[in-house]
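Engineer: Have a look at this one before I ask anything.
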Amino acid sequence: MGIKKKRQSKRLTTRKREGMLKRARANERKKRRMDRKMQAKVERIPPSVLRTDEENMQYAEIKRMAKLRKMEYDEALRNSEKKEAYLDGILRLVSKSDVVIEVIDARDPDSSRNSEAEKIVSEHGKKLIMVLNYTQYVPREVVDEWKVHLKRDGNDCIEVTEEDMRQIGKETRIGIFGNPGSGKNFVLRGISRILEEKPNSVVVSVPLSKVTLSSILRGCHGLMGIAFRDYIEAIVKRIDRGEVSLRHGIPEFSNAEELLESICDVHGIRDESRSVCYMKASERFLEDFLRHKILFWRRVYSDENDLSFAFCQ
């Protein structure tokens, strides 16, 4: 009787089984990649084609406002980080000064003041003198109104004149603070000229508390990251639109959008984004305010956007 041959097992070895699973996974990945490539090649209708023009404009405005909100948040975050640094500078200024001068823009004194810095000066018992700068661009009666208003808290309020500056003695240590562009160094040079020598002084720049129409017209804030069209609209509502049309050589307009469109056409401002075009047109429009070709000022107790305007020849 012969020996019965043993049947070969159908079980796979571990090595073969793992190899088959590995090849299966690789084939599955390859299939998914091919499916994605084929899907990408399929022509799809963009969502913008399915929307009406009005819906597209609304969608673009939503995106623009979301971008502005993010930029405003980033700016607020940066300002909060800078706040402690400038307050430290004010503390050093107060400690080294006998008299503290706050340089204020006469065109809008309220928005150019810094209440936190003023409070530090008061708490340290130092004398605060408010100096109104740019008074030559404001009607005399408006300057006088502001001087009376600012003196109500017991502080001195003067102008950059020889008679007013004489009260600052040569031996006095002076601390000067104010917003960017307020004219701090101009005031210091005026004091040096009147006293016939440069006084012992410390100068600190303090940020504005918020964005206002006058701070934009004074060049303290750029247009990037703010709702600049709202401020242009506020100007259009209050200014002589006929005079603006003559100065820029543009047709008559009734609102900010028509003004900016006309400036874009006249100066050949073109860009893929309408918002960028309008920002460039706004910067061109604001040049006359920065160069003092269009004067502006705010009266006591007026709203922060309620400015008066006058045109220079």
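Each residue's number is its place along the chain shown, starting with 1.
Placement of Cβ uses the backbone N, Cα and C atoms for every residue, glycine included.
In case it helps, Swiss-Prot gives these features for our protein:
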REGION    1-41  region 'Disordered'
COMPBIAS  1-14  compositional bias 'Basic residues'
COMPBIAS  15-27  compositional bias 'Basic and acidic residues'
BINDING   95-98, 178-185, 212-215  GTP binding site
Engineer: Across all the protein chains here, work out how many other Cβ atoms are within 10 Å of the Cβ of PRO180 (GTP binding site).
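Structural biologist: Summing over all protein chains shown, PRO180 (GTP binding site) has 14 other Cβ atoms within 10 Å.
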Engineer: In the structure shown, which of the binding-site residues SER95, SER97, SER182, THR212, SER214 has the fewest Cβ neighbours within 10 Å?
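Structural biologist: Per-residue Cβ counts within 10 Å for the binding-site residues SER95, SER97, SER182, THR212, SER214 bottom out at SER95.
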Engineer: Once near-sequence residues are set aside, which residues in the chain of LYS184 (GTP binding site), 6 or more away, have Cβ atoms under 8 Å from its Cβ?
Structural biologist: VAL103, ILE176, PHE177, GLY178, VAL203, SER205
Engineer: In three-state terms from DSSP, label SER214 (GTP binding site) for me.
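Structural biologist: Once the DSSP labels are grouped into three classes, SER214 (GTP binding site) ends up as helix.
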Engineer: Using DSSP reduced to three states, classify SER182 (GTP binding site) as helix, strand or coil.
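Structural biologist: DSSP call for SER182 (GTP binding site): coil, neither helix nor strand.
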